[in-house]
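According to Swiss-Prot, the protein has these features:
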type	residues	note
ACT_SITE	CYS34	active site, thioimide intermediate
ACT_SITE	ASP41	active site, proton donor
BINDING	VAL56, GLU57, LEU58, HIS75, GLU76	substrate binding site
Amino acid sequence: MPTQPSRDLQTFPNPKPGRPFEIAMECPEFTCVCPMTGQPDFATIRLRYVPAERCVELKSLKLYLWSFRNEGTFHEAVTNRICDDLVAALAPRWIEVVGDFAVRGGIHTVVTARHGERPAGV
């Protein structure tokens, strides 16, 4: 398993693919760089998803999120990129990615990206 930032999201088989259930994760140490100012942006990334056949492996998720720390990107772009990359890796029944960014210039930004239909009762 790598120990450096990587865009390679590893997955493993869902242990209960016949039962819809939600997985929730919070990553409070996300960083990227503002493409306008070059200053660091800090965020908490919250993931919630209902897996189909695959689940994301946590260390690979940590290294994936770490890979953005020196990248210039807008809050809206990176939140949607994370959602798109997780959809490509997992093909979940439903996923929600929330980027809750620290205040910059007196403005608190929260970006939410979703994919799929959330199963009833989950």
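In case you wondered, yes, glycine gets a Cβ from its N, Cα and C as well.
Distribution of Swiss-Prot features across the structure.
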| residue | record | DSSP class |
| --- | --- | --- |
| CYS34 | active site, thioimide intermediate | coil |
| ASP41 | active site, proton donor | strand |
| VAL56 | substrate binding site | strand |
| HIS75 | substrate binding site | helix |
Item to check | Other CB atoms, at most 10 A from the CB of GLU57 (substrate binding site) | outcome: 16
Item to check | Taking residues VAL56, GLU57, LEU58, HIS75, GLU76, which bind substrate in the record, the widest Cα spacing (Å, whole number) | outcome: 24
Checklist entry - On a count of neighbouring CB atoms within 10 A, which of the binding-site residues VAL56, LEU58 is highest? => result VAL56
Checklist entry - When neighbour density is defined as the number of other C-beta atoms within 10 angstroms of a residue's C-beta, which of the recorded positions CYS34, ASP41, HIS75, GLU76 has the lowest density? => result GLU76
Checklist entry - Rounded to the nearest angstrom, how far is the Cα of VAL56 (substrate binding site) from the Cα of CYS34 (active site, thioimide intermediate)? => result 27
Checklist entry - Hey, how far is HIS75 (substrate binding site) from the residue listed as 'active site, proton donor', Cα to Cα, in Å? => result 9
